[in-house]
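Taking it in order: structure first as C-alpha coordinates, then the write-up.
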Amino acid sequence: MASCVTGTEAAIRAAACRDGEEASHLKIVAVFAIFLTSVFGVWGPVLLAKYFHGKPLYDKAILVIKCFAAGVILSTSLVHVLPEAFESLADCQVSSRHPWKDFPFAGLVTMIGAITALLVDLTASEHMGHGGGGGGDGGMEYMPVGKAVGGLEMKEGKCGADLEIQENSEEEIVKMKQRLVSQVLEIGIIFHSVIIGVTMGMSQNKCTIRPLIAALSFHQIFEGLGLGGCIAQAGFKAGTVVYMCLMFAVTTPLGIVLGMVIFAATGYDDQNPNALIMEGLLGSFSSGILIYMALVDLIALDFFHNKMLTTCGESGSRLKKLCFVALVLGSASMSLLALWA
(Lines of atoms letter the chains of each structure in order from A; the text may use other names.)
(Lines give C-alpha, C1' and ligand atoms only; values in the text may rest on other atoms or scores of the structure.)
Protein backbone atom coordinates (compact mmCIF):
# COMPACT_ATOMS: atom_id res chain seq x y z
CA MET A 1 0.00 0.00 0.00
CA ALA A 2 1.41 3.42 -0.93
CA SER A 3 2.19 5.77 1.89
CA CYS A 4 0.06 8.93 2.19
CA VAL A 5 2.86 10.88 3.83
CA THR A 6 5.12 12.91 1.57
CA GLY A 7 8.57 13.66 2.93
CA THR A 8 10.01 17.19 2.70
CA GLU A 9 13.09 16.01 0.83
CA ALA A 10 11.01 14.16 -1.73
CA ALA A 11 8.78 17.21 -2.23
CA ILE A 12 11.80 19.46 -2.84
CA ARG A 13 13.25 16.98 -5.34
CA ALA A 14 9.91 16.73 -7.14
CA ALA A 15 9.63 20.51 -7.40
CA ALA A 16 13.16 20.78 -8.83
CA CYS A 17 12.36 18.17 -11.49
CA ARG A 18 9.12 19.86 -12.57
CA ASP A 19 10.13 21.94 -15.60
CA GLY A 20 7.43 22.24 -18.27
CA GLU A 21 9.60 23.79 -20.99
CA GLU A 22 12.43 21.26 -20.79
CA ALA A 23 9.92 18.43 -20.40
CA SER A 24 8.25 19.53 -23.67
CA HIS A 25 11.59 19.46 -25.52
CA LEU A 26 12.33 15.99 -24.15
CA LYS A 27 8.90 14.75 -25.19
CA ILE A 28 9.46 15.91 -28.78
CA VAL A 29 12.75 13.98 -28.80
CA ALA A 30 10.88 10.98 -27.38
CA VAL A 31 8.27 11.04 -30.17
CA PHE A 32 10.90 10.66 -32.91
CA ALA A 33 13.19 8.29 -30.99
CA ILE A 34 10.37 5.91 -30.05
CA PHE A 35 8.88 6.00 -33.55
CA LEU A 36 12.21 5.09 -35.19
CA THR A 37 13.00 2.30 -32.73
CA SER A 38 9.46 0.94 -33.09
CA VAL A 39 9.84 0.81 -36.87
CA PHE A 40 13.21 -0.92 -36.51
CA GLY A 41 11.86 -3.49 -34.06
CA VAL A 42 8.63 -4.46 -35.82
CA TRP A 43 9.97 -4.45 -39.39
CA GLY A 44 13.07 -6.56 -38.60
CA PRO A 45 11.34 -9.97 -38.54
CA VAL A 46 8.98 -8.96 -41.37
CA LEU A 47 11.88 -8.09 -43.71
CA LEU A 48 13.71 -11.24 -42.61
CA ALA A 49 10.66 -13.23 -43.69
CA LYS A 50 10.41 -11.40 -47.02
CA TYR A 51 14.02 -11.83 -48.13
CA PHE A 52 15.02 -15.12 -46.50
CA HIS A 53 11.82 -17.17 -46.75
CA GLY A 54 12.63 -20.67 -47.98
CA LYS A 55 16.35 -20.31 -47.22
CA PRO A 56 18.14 -22.82 -44.95
CA LEU A 57 17.55 -22.21 -41.23
CA TYR A 58 14.87 -19.56 -41.97
CA ASP A 59 12.07 -21.37 -40.10
CA LYS A 60 14.34 -22.09 -37.14
CA ALA A 61 15.52 -18.46 -36.99
CA ILE A 62 11.94 -17.17 -37.00
CA LEU A 63 11.01 -19.66 -34.26
CA VAL A 64 13.93 -18.57 -32.05
CA ILE A 65 13.00 -14.89 -32.57
CA LYS A 66 9.40 -15.72 -31.69
CA CYS A 67 10.48 -17.45 -28.45
CA PHE A 68 12.66 -14.45 -27.54
CA ALA A 69 9.67 -12.23 -28.24
CA ALA A 70 7.39 -14.38 -26.08
CA GLY A 71 9.76 -13.77 -23.16
CA VAL A 72 9.69 -10.05 -23.88
CA ILE A 73 5.89 -9.96 -23.93
CA LEU A 74 5.59 -12.05 -20.75
CA SER A 75 8.02 -9.74 -18.95
CA THR A 76 6.23 -6.66 -20.33
CA SER A 77 2.97 -7.81 -18.78
CA LEU A 78 4.27 -9.10 -15.43
CA VAL A 79 7.23 -6.78 -14.71
CA HIS A 80 6.18 -3.52 -16.39
CA VAL A 81 2.44 -3.19 -16.97
CA LEU A 82 0.89 -5.11 -14.05
CA PRO A 83 3.04 -3.61 -11.23
CA GLU A 84 2.27 -0.10 -12.52
CA ALA A 85 -1.44 -0.92 -12.56
CA PHE A 86 -1.28 -2.16 -8.96
CA GLU A 87 0.73 0.94 -8.00
CA SER A 88 -1.84 3.29 -9.56
CA LEU A 89 -4.75 1.66 -7.72
CA ALA A 90 -2.73 1.41 -4.48
CA ASP A 91 -1.96 5.15 -4.43
CA CYS A 92 -3.24 6.69 -1.22
CA GLN A 93 -5.56 9.04 -3.15
CA VAL A 94 -7.31 5.99 -4.63
CA SER A 95 -6.92 3.31 -1.96
CA SER A 96 -8.45 5.53 0.72
CA ARG A 97 -11.77 5.67 -1.18
CA HIS A 98 -14.62 3.21 -1.66
CA PRO A 99 -14.76 0.76 -3.38
CA TRP A 100 -11.05 0.80 -4.23
CA LYS A 101 -9.89 0.14 -0.67
CA ASP A 102 -12.26 -2.81 -0.27
CA PHE A 103 -11.24 -5.05 -3.17
CA PRO A 104 -8.09 -5.84 -5.27
CA PHE A 105 -9.46 -4.52 -8.57
CA ALA A 106 -6.10 -4.72 -10.39
CA GLY A 107 -6.03 -8.50 -10.05
CA LEU A 108 -9.71 -8.83 -10.97
CA VAL A 109 -9.39 -6.74 -14.15
CA THR A 110 -6.21 -8.64 -15.12
CA MET A 111 -8.19 -11.88 -14.87
CA ILE A 112 -11.00 -10.34 -16.95
CA GLY A 113 -8.45 -9.37 -19.61
CA ALA A 114 -7.08 -12.93 -19.77
CA ILE A 115 -10.59 -14.44 -19.94
CA THR A 116 -11.54 -11.94 -22.66
CA ALA A 117 -8.51 -13.02 -24.71
CA LEU A 118 -9.56 -16.64 -24.20
CA LEU A 119 -13.11 -15.80 -25.35
CA VAL A 120 -11.77 -14.18 -28.52
CA ASP A 121 -9.60 -17.26 -29.11
CA LEU A 122 -12.50 -19.66 -28.59
CA THR A 123 -14.87 -17.66 -30.79
CA ALA A 124 -12.35 -17.44 -33.61
CA SER A 125 -11.43 -21.14 -33.27
CA GLU A 126 -15.11 -22.11 -33.49
CA HIS A 127 -15.49 -19.92 -36.57
CA MET A 128 -12.43 -21.56 -38.17
CA GLY A 129 -13.80 -24.99 -37.31
CA HIS A 130 -17.10 -24.34 -39.07
CA GLY A 131 -15.49 -22.59 -42.01
CA GLY A 132 -12.49 -24.85 -42.53
CA GLY A 133 -14.30 -27.34 -44.70
CA GLY A 134 -13.29 -30.21 -42.43
CA GLY A 135 -16.67 -30.97 -40.89
CA GLY A 136 -17.57 -30.54 -37.26
CA ASP A 137 -14.08 -31.32 -36.00
CA GLY A 138 -12.63 -28.33 -37.82
CA GLY A 139 -10.08 -30.55 -39.53
CA MET A 140 -7.90 -30.79 -36.40
CA GLU A 141 -8.16 -34.38 -35.21
CA TYR A 142 -6.07 -36.08 -32.57
CA MET A 143 -3.49 -38.22 -34.38
CA PRO A 144 -1.90 -41.24 -32.66
CA VAL A 145 1.85 -41.18 -33.18
CA GLY A 146 1.86 -44.63 -34.75
CA LYS A 147 -0.58 -43.55 -37.46
CA ALA A 148 0.96 -40.20 -38.31
CA VAL A 149 3.29 -39.75 -41.23
CA GLY A 150 4.77 -36.32 -41.87
CA GLY A 151 2.24 -34.74 -39.52
CA LEU A 152 -0.75 -36.20 -41.47
CA GLU A 153 -3.08 -38.97 -40.36
CA MET A 154 -2.97 -41.99 -42.67
CA LYS A 155 -6.52 -43.34 -42.97
CA GLU A 156 -7.60 -46.27 -45.09
CA GLY A 157 -8.55 -45.15 -48.57
CA LYS A 158 -6.77 -41.79 -48.31
CA CYS A 159 -3.82 -41.09 -50.55
CA GLY A 160 -2.46 -38.63 -53.07
CA ALA A 161 -4.93 -35.78 -53.64
CA ASP A 162 -6.83 -36.53 -50.41
CA LEU A 163 -3.68 -36.12 -48.32
CA GLU A 164 -2.76 -32.94 -50.20
CA ILE A 165 -6.21 -31.46 -49.52
CA GLN A 166 -5.94 -32.38 -45.83
CA GLU A 167 -2.46 -30.85 -45.62
CA ASN A 168 -3.62 -27.63 -47.30
CA SER A 169 -6.62 -27.44 -44.96
CA GLU A 170 -4.44 -27.85 -41.87
CA GLU A 171 -1.93 -25.28 -43.12
CA GLU A 172 -4.74 -22.77 -43.72
CA ILE A 173 -6.13 -23.34 -40.20
CA VAL A 174 -2.65 -22.79 -38.74
CA LYS A 175 -2.31 -19.57 -40.75
CA MET A 176 -5.70 -18.35 -39.54
CA LYS A 177 -4.67 -19.09 -35.95
CA GLN A 178 -1.41 -17.17 -36.40
CA ARG A 179 -3.32 -14.21 -37.85
CA LEU A 180 -5.66 -14.21 -34.86
CA VAL A 181 -2.71 -14.34 -32.45
CA SER A 182 -1.07 -11.39 -34.22
CA GLN A 183 -4.24 -9.29 -34.15
CA VAL A 184 -5.14 -9.94 -30.50
CA LEU A 185 -1.50 -9.43 -29.49
CA GLU A 186 -1.45 -6.06 -31.25
CA ILE A 187 -4.65 -5.03 -29.45
CA GLY A 188 -3.05 -5.79 -26.08
CA ILE A 189 0.14 -3.96 -27.01
CA ILE A 190 -1.78 -0.92 -28.31
CA PHE A 191 -3.74 -0.70 -25.04
CA HIS A 192 -0.68 -0.31 -22.86
CA SER A 193 1.27 1.70 -25.48
CA VAL A 194 -1.45 4.36 -25.42
CA ILE A 195 -1.30 4.44 -21.62
CA ILE A 196 2.50 4.77 -21.66
CA GLY A 197 2.39 7.52 -24.29
CA VAL A 198 -0.39 9.59 -22.72
CA THR A 199 1.21 9.29 -19.27
CA MET A 200 4.54 10.53 -20.59
CA GLY A 201 2.84 13.29 -22.60
CA MET A 202 1.04 14.64 -19.53
CA SER A 203 4.08 14.45 -17.26
CA GLN A 204 6.02 17.64 -16.53
CA ASN A 205 8.78 15.81 -14.65
CA LYS A 206 12.02 16.08 -16.63
CA CYS A 207 13.80 13.68 -14.26
CA THR A 208 11.30 10.97 -15.14
CA ILE A 209 11.10 11.63 -18.88
CA ARG A 210 14.85 11.66 -19.60
CA PRO A 211 15.61 8.03 -18.63
CA LEU A 212 12.25 6.92 -20.03
CA ILE A 213 13.30 7.92 -23.56
CA ALA A 214 16.15 5.39 -23.63
CA ALA A 215 14.22 2.72 -21.74
CA LEU A 216 11.10 2.97 -23.90
CA SER A 217 13.19 2.95 -27.08
CA PHE A 218 14.64 -0.45 -26.11
CA HIS A 219 11.19 -1.49 -24.91
CA GLN A 220 9.73 -0.79 -28.37
CA ILE A 221 12.55 -2.66 -30.13
CA PHE A 222 11.98 -5.81 -28.09
CA GLU A 223 8.19 -5.59 -28.23
CA GLY A 224 8.38 -4.89 -31.96
CA LEU A 225 10.43 -8.05 -32.44
CA GLY A 226 7.66 -9.96 -30.70
CA LEU A 227 4.84 -8.56 -32.79
CA GLY A 228 6.90 -8.61 -35.99
CA GLY A 229 7.75 -12.27 -35.49
CA CYS A 230 4.05 -13.13 -35.22
CA ILE A 231 3.13 -10.99 -38.23
CA ALA A 232 5.93 -12.59 -40.28
CA GLN A 233 4.53 -16.08 -39.68
CA ALA A 234 0.87 -15.16 -40.19
CA GLY A 235 1.02 -14.69 -43.96
CA PHE A 236 -0.95 -11.42 -44.12
CA LYS A 237 -1.31 -9.49 -47.37
CA ALA A 238 1.21 -6.69 -47.90
CA GLY A 239 -1.30 -3.93 -47.11
CA THR A 240 -2.29 -5.56 -43.81
CA VAL A 241 1.36 -6.02 -42.81
CA VAL A 242 2.12 -2.34 -43.48
CA TYR A 243 -1.00 -1.27 -41.57
CA MET A 244 -0.24 -3.43 -38.50
CA CYS A 245 3.42 -2.39 -38.39
CA LEU A 246 2.51 1.27 -38.81
CA MET A 247 -0.12 1.08 -36.07
CA PHE A 248 2.45 -0.36 -33.66
CA ALA A 249 5.06 2.27 -34.61
CA VAL A 250 2.80 5.32 -34.21
CA THR A 251 0.72 4.32 -31.16
CA THR A 252 3.15 5.38 -28.42
CA PRO A 253 4.29 8.61 -30.20
CA LEU A 254 0.65 9.57 -30.84
CA GLY A 255 -0.09 8.82 -27.19
CA ILE A 256 2.67 11.24 -26.17
CA VAL A 257 1.28 13.95 -28.47
CA LEU A 258 -2.24 13.31 -27.14
CA GLY A 259 -0.98 13.61 -23.57
CA MET A 260 0.71 16.94 -24.39
CA VAL A 261 -2.51 18.24 -25.97
CA ILE A 262 -4.60 17.15 -22.97
CA PHE A 263 -2.21 18.86 -20.57
CA ALA A 264 -2.09 22.06 -22.66
CA ALA A 265 -5.89 22.20 -22.93
CA THR A 266 -6.83 21.28 -19.37
CA GLY A 267 -3.77 21.60 -17.16
CA TYR A 268 -4.49 17.95 -16.35
CA ASP A 269 -2.86 16.62 -13.19
CA ASP A 270 -1.37 13.16 -13.68
CA GLN A 271 -1.77 12.61 -9.92
CA ASN A 272 -5.54 13.10 -10.13
CA PRO A 273 -7.32 10.09 -8.53
CA ASN A 274 -9.53 9.57 -11.59
CA ALA A 275 -6.45 9.50 -13.84
CA LEU A 276 -4.80 6.94 -11.56
CA ILE A 277 -7.94 4.76 -11.59
CA MET A 278 -8.15 4.85 -15.39
CA GLU A 279 -4.44 4.03 -15.77
CA GLY A 280 -4.75 1.18 -13.27
CA LEU A 281 -7.80 -0.40 -14.90
CA LEU A 282 -6.55 -0.12 -18.49
CA GLY A 283 -3.09 -1.35 -17.46
CA SER A 284 -4.58 -4.35 -15.66
CA PHE A 285 -6.79 -5.26 -18.61
CA SER A 286 -3.97 -5.05 -21.16
CA SER A 287 -1.71 -7.02 -18.81
CA GLY A 288 -4.26 -9.85 -18.69
CA ILE A 289 -4.40 -9.96 -22.49
CA LEU A 290 -0.61 -10.01 -22.80
CA ILE A 291 -0.18 -12.72 -20.13
CA TYR A 292 -2.66 -14.97 -21.94
CA MET A 293 -1.08 -14.32 -25.34
CA ALA A 294 2.47 -14.97 -24.06
CA LEU A 295 1.70 -18.17 -22.12
CA VAL A 296 -1.01 -19.77 -24.28
CA ASP A 297 -0.68 -18.53 -27.85
CA LEU A 298 3.10 -18.18 -27.99
CA ILE A 299 4.96 -20.28 -25.39
CA ALA A 300 2.58 -23.25 -25.09
CA LEU A 301 1.79 -23.30 -28.81
CA ASP A 302 5.45 -23.32 -29.88
CA PHE A 303 6.97 -25.56 -27.21
CA PHE A 304 4.24 -28.23 -27.22
CA HIS A 305 2.63 -28.08 -30.68
CA ASN A 306 5.31 -26.88 -33.11
CA LYS A 307 6.57 -29.79 -35.23
CA MET A 308 10.17 -28.52 -35.15
CA LEU A 309 10.22 -28.58 -31.33
CA THR A 310 8.26 -31.80 -30.84
CA THR A 311 10.43 -33.81 -33.24
CA CYS A 312 12.37 -36.57 -31.51
CA GLY A 313 16.12 -36.68 -31.97
CA GLU A 314 19.20 -34.59 -31.34
CA SER A 315 18.22 -31.84 -33.78
CA GLY A 316 14.83 -31.25 -32.12
CA SER A 317 16.43 -31.35 -28.66
CA ARG A 318 19.05 -28.74 -29.61
CA LEU A 319 16.45 -26.43 -31.11
CA LYS A 320 14.24 -26.78 -28.04
CA LYS A 321 17.15 -25.80 -25.76
CA LEU A 322 18.00 -22.85 -28.02
CA CYS A 323 14.38 -21.66 -27.96
CA PHE A 324 14.26 -21.98 -24.17
CA VAL A 325 17.45 -19.90 -23.86
CA ALA A 326 15.91 -17.31 -26.22
CA LEU A 327 12.78 -17.23 -24.03
CA VAL A 328 14.87 -16.65 -20.90
CA LEU A 329 16.99 -13.96 -22.60
CA GLY A 330 13.87 -12.17 -23.82
CA SER A 331 12.35 -12.22 -20.33
CA ALA A 332 15.61 -11.12 -18.70
CA SER A 333 16.34 -8.28 -21.14
CA MET A 334 12.87 -6.78 -20.78
CA SER A 335 12.90 -7.27 -17.00
CA LEU A 336 16.23 -5.45 -16.79
CA LEU A 337 14.63 -2.37 -18.35
CA ALA A 338 12.37 -2.15 -15.29
CA LEU A 339 15.35 -0.56 -13.51
CA TRP A 340 14.83 2.54 -15.65
CA ALA A 341 11.22 2.37 -16.85
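Note that Cβ sites are derived from N, Cα and C of the backbone, with glycine treated the same way.
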In Swiss-Prot, is GLY201 on the same membrane side as TYR51?
no
What average pLDDT does the predicted model assign to the topological domain 'Cytoplasmic' (302-320)?
79
Taking the transmembrane segment (103-123) as reference, which of 28-48, 180-200, 244-264, 281-301 has the most Cβ pairs under 8 angstroms?
281-301
What stretch in 28-48, 180-200, 212-232, 281-301, 321-341 has the biggest tally of Cβ pairs under 8 Å against the transmembrane segment (62-82)?
321-341
Counting by DSSP secondary structure, give me helix, strand and coil numbers for the topological domain 'Lumenal' (83-102).
12 helix, 0 strand, 8 coil
Grab the same-chain neighbours of the transmembrane segment (212-232) for me: Cβ-Cβ under 8 Å, and only residues 6 or more beyond its ends, written as numbers and ranges.
26, 29-30, 33-34, 37-46, 48-49, 62, 65-66, 68-70, 72-73, 76, 80, 178, 181-182, 185-186, 189, 196, 200, 241, 244-245, 248-249, 252, 298, 330, 333-334, 337, 340-341
